[in-house]
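Feature annotations, reproduced from Swiss-Prot:
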- 162-291: 3',5'-cyclic AMP 1 binding site (BINDING)
- 294-413: 3',5'-cyclic AMP 2 binding site (BINDING)
- 58-67: compositional bias 'Low complexity' (COMPBIAS)
- 121-138: compositional bias 'Polar residues' (COMPBIAS)
- SER122: phosphoserine (MOD_RES)
- 1-145: region 'Disordered' (REGION)
- 24-161: region 'Dimerization and phosphorylation' (REGION)
Amino acid sequence: MADSSSFPGTNPFLKVSTKDDKYSPIQKISEEEEYEVTSPTDPTFRSAHSGATAPTAGNSFNGDNGSNEGGEGIQFNRPFDAGFGQGSEGQGEHVEPPGGARPTAAANQGFPNNYALGRRTSVSAESLNPTSAGSDSWTPPCHPKTEEQLSRLKTAVSNNFLFSHLDDDQFRTVLDALVEKPIPAKDIKVISQGDAGDYFYIVENGHFDVYINPAGSVQPGPDGIGNKVSTIGPGGSFGELALMYNAPRAATIVSADPKSTLWALDRITFRRILMDSAFQRRRMYEAFLEEVPLLSSLKPYERAKIADALDAIKYPAGSTIIEEGAPGDAFYLLESGEAEAFKKDVEGPVKSYRRGDFFGELALLDDKPRAASVVAKTDVKVARLGRDGFKRLLGPVEDIMRRAEYSAKPSPS
């Protein structure tokens with residue numbers, strides 16, 4: 001199997017020269033080798049049934065870029081050469097799928113060639129139940145990286161919201177599973193709207209344009225990818241929706257710079273780590289919120305909503321969590337460690353906090369500046385709830401929080 005035509009590889013996006021290179025600079029990276037699936041109720045069924053039975057352009061496997069063994073072959077197509085009568089996937093040399101010829105039952109039974117007689121799309125290949133995490137023998141992939149690669153990767157993912165809630169072990173697992181994917185040219189199509197998705201991508205450098213066709217998939221012709229709606233730059237990511245919801249790709253992504261770098265995370269690792277960690281995090285916070293006296297009067301579904309809105313933040317000993325006089329933008333629950341409140345012109349701490357205590361509420365209730373500073377006495381972990389979530393979710397306990405204003409002298413918020 002040629003390394004240049006299979007995932008994973010050192011540079012899977014190598015350009016493949018063909019006779020019609022001069023007509024379109026846009027190439028396509030095909031993530032899937034499975035056949036297209038057409039339902040008998042689809043409007044195109046009748047026309048497909050009455051048409052020729054020869055393989056369509058959209059079903060070609062590799063063109064002339066080599067073997068497709070291993071299930072992750074790469075296909076560079078030119079989708080917009082309408083003058084050559086090509087469909088949305090381009091016309092290349094047709095290569096039969098691995099394992100022998102395609103089934104012939106379709107022709108015998110009157111079904112179109114691309115009806116579901118091949119394998120199902122792999123986007124539905126596994127069912128992941130968060131409650132069964134750890135009950136099977138799944139082992140996350142580990143791709144060795146140099147220190148230089150790790151440094152670049154950490155910088156690329158440091159501000160990505162999808163990784164913000166992971167603990168240190170989960171974060172390391174994700175870093176190990178990511179694979180570097182250099183993009184050597186402009187106008188390379190990384191994913192296509194309507195396709196099944198196998199990877200989630202993080203942008204290390206370069207920019208990628210996002211196109212959406214109202215039809216829901218790439219169409220034939222020079223404008224088949226639709227309208228440009230946005231651009232994704234360094235630190236951004238794309239491809240998560242198709243993996244999270246087992247849905248087709250929602251947009252087409254095309255490289256906008258002559259040289260770019262992506263990091264790719266496969267579907268199973270994405271779902272095992274990111275989605276399961278979100279489920280475990282919710283269960284952990286629901287259990288924690290049950291221990292918070294302030295929230296004991298809430299119903300379970302109300303605590304579940306709060307759990308989904310919380311962000312975990314760690315502070316080392318001696319660091320300031322909130323500062324007196326600053327505008328209030330969040331409410332805090334102390335998850336672990338100890339903290340103390342201080343006021344200007346008052347010697348020593350005015351209040352101490354331990355697991356389950358809360359602070360920062362008064363500035364949000366009354367739209368006033370912070371009345372005190374809260375400093376971490378030890379290494380602490382807090383659950384932060386932003387202003388909007390506070391107003392929306394903590395209405396039922398507002399009276400309790402206001403009573404706390406008078407029961408604690410002076411107030412630490």
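Any Cβ shown, glycine's included, is placed from N, Cα and C.
Structural mapping of features recorded in Swiss-Prot.
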| residue | record | Cβ contacts under 8 Å, 6 or more apart |
| --- | --- | --- |
| LEU162 | 3',5'-cyclic AMP 1 binding site | SER237, GLU240, LEU274 |
| ALA247 | 3',5'-cyclic AMP 1 binding site | LEU241 |
| ALA264 | 3',5'-cyclic AMP 1 binding site | LEU178, VAL179, LYS181, TYR199, PHE200, TYR201, ILE202 |
| ALA309 | 3',5'-cyclic AMP 2 binding site | LEU385, GLY386, GLY389, LEU393 |
| ALA339 | 3',5'-cyclic AMP 2 binding site | ILE321, SER352, TYR353, PHE359, VAL374, VAL375, ALA376, LYS377, VAL380 |
| ARG354 | 3',5'-cyclic AMP 2 binding site | LEU334, GLU338 |
| ARG384 | 3',5'-cyclic AMP 2 binding site | LEU310, ASP311, ALA312, ILE313, ALA330, PHE331, TYR332 |
| ASP399 | 3',5'-cyclic AMP 2 binding site | none |
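One residue stands out among the binding-site residues ASN213, SER230 for having the most other Cβ atoms within 10 Å of its Cβ: ASN213. Under the three-state DSSP scheme, GLU324 (3',5'-cyclic AMP 2 binding site) falls in the coil class. Here the binding-site residues are VAL179, ALA196, and the one ringed by the most other CB atoms within 10 angstroms is ALA196. Ranked by Cα separation from SER230 (3',5'-cyclic AMP 1 binding site), the binding-site residues LEU294, GLU324, PRO369 are led by PRO369.
In space, LEU294 is the closest of the binding-site residues LEU294, GLU324, PRO369 to ALA196 (3',5'-cyclic AMP 1 binding site), judged by Cα positions. Counting only the Cα atoms, the space from GLU324 (3',5'-cyclic AMP 2 binding site) to ASN213 (3',5'-cyclic AMP 1 binding site) is about 51 angstrom. In the three-state DSSP reading, VAL179 (3',5'-cyclic AMP 1 binding site) counts as strand. In three-state terms derived from DSSP, ALA309 (3',5'-cyclic AMP 2 binding site) belongs to a helical segment. Annotation for PRO369 (3',5'-cyclic AMP 2 binding site): spatial neighbours GLU324, GLY325, ALA326, PRO327, GLY328, ALA363, criterion Cβ-Cβ under 8 Å with sequence separation of six or more.
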